Amino acid sequence: MITLPEQLEKLSKQENLIAQGAESLVYSAQHPYLPQQECIVKYRPKKPYRLPELDAQLSKHRTLAEARVLQKLALGDVEVPHLVFIDAKNGLIYMEKIEGLSVKQWIWNEEGDTEGGAQEAGDKSRSLPDGDVSSLKDTLVLVGQEIGKLHKSDIVHGDLTTSNVMLRDGKPVIIDFGLASVSTLAEDKAVDLYVMERAVLSTHPVHSQQYCDWLFEGYLAVVGKSQKEVMRKLEDVRQRGRKRSMLG
Amino acid sequence: MKFPQFDQEIAISYFSDVKNAGQIRNELLSGNPDYQVAFINANTLLSSKHLLAAVYRAVSDQEAGSMKTKNVHSEVLFCLGGNNNIMDSLRRFGIQDDTTNIVAVKIGGGEYTKLVEGTEEPFTDEQIAKNTDIKLVKKVYKLPGTVSLDDRAQVETAAIGALLLRGFS
Ligand SMILES: Nc1ncnc2c1ncn2[C@@H]1O[C@H](COP(=O)(O)OP(=O)(O)OP(=O)(O)O)[C@@H](O)[C@H]1O
Ligand SMILES: [Mg+2]
């Protein structure tokens, strides 16, 4: 049974649980110090199977790691949720609530509007109708640019999927830095992009190639001089991926 | 006001044209119990949110028994800071003899507005913005050049992040 952490009893309710991942529970809650505002609280609960001392340390460590990444990015030009409060001891990060849809849901809506639900159809030859190409393209190029800015800041996300990017007034905001880390290595950035490609392929199978092309168009427009090396590494990572899937 | 999670009453006032900052400082230094108030140099504040983030952290730390200073009012000044140097934060965010814009925070109820000889202004973001020394704020939090002085919202986000992470890095 999932129970609301006691720290949130005055700010939220069990029903306000909006997501449950492997590591964390995400609640929408009243803002802890601004009247009439909402926020998001990400909670890393205790794991009964871990040693208690180790457990407390781990959840504190990961909570702080995520908060530090958000702060590092807040000092630059990547759009991410603002920090509202950190209760590291109890594994809680309070952050700004981004109003809007995930890129995943937004794409599904766009596809659905014009194709009567792209999900159910496996017809890969179908092309996107002209009217929507422009908004899909513009948005995905922007998402690619945001990811490019992220990598330029030497942060790798660790779980780049279309559900971990949201759209606020049409502009991408990257969320979920639970697996993020600082890295200057082209290899790490390439793995990040590979994860993104795979995620697009499984979430948006019909037009995945087109979507990835747009994402890369945006990405390459901002990353600058490191792009050659990252793209070369990406080719290596893709090949390793293919080998792995051939071996089964 | 009150924070939903805590019981203490929190009152905040903005004073301009303050005439008696020196006298207030003397009372604070001598430990006069009537001066259990956080007196803040208003020029160091960016917005009500900026201050409330620090007040909230101070009250949380008080409740958790993890304050680093001797009372919740000095803790507010300490919590405004972005580093673990208590003296430094008290000096930077606290008042000097010639401070004329003061924000007073009283936690736990009680009269305090009569202690300040000045003009009481509404505690609003507009009022705070009039006197913010944004260059000073940027310096106090050691914000990098990527944070532009013209982007007040970004300075606010960065300052709040810095004060929330204080002690954890
Ligand atoms: N700042 C935010 N604003 C709005 N919605 C958010 C925000 N953060 C998270 N969410 C919502 O909660 C969901 C889960 O959050 P998040 O992706 O951070 O957790 P997770 O996937 O469980 O994390 P992890 O992979 O670290 O276990 C998101 O997909 C999104 O719908
Ligand atoms: Mg996620």
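Even glycines carry a Cβ here, placed using N, Cα and C.
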Need a hand: Swiss-Prot gives A:ILE18, A:ALA19, A:GLN20, A:GLY21, A:ALA22, A:GLU23, A:SER24, A:LEU25, A:VAL26 for ATP, which of A:LYS42, A:LYS46 is also on that list?
A:LYS42
For A:SER24 (ATP binding site), what is the tally of other C-beta atoms lying within 10 angstroms of its C-beta?
21
Fewest-neighbour residue among binding-site residues, criterion Cβ within 10 Å, set A:ILE18, A:ALA22, A:VAL26:
A:ALA22
Can you tell me how far the Cα of A:VAL26 (ATP binding site) sits from the Cα of A:ASP159 (active site, proton acceptor), in Å?
16
Tell me the Cα distance separating A:ASP159 (active site, proton acceptor) from A:GLN20 (ATP binding site), rounded to the nearest angstrom.
15
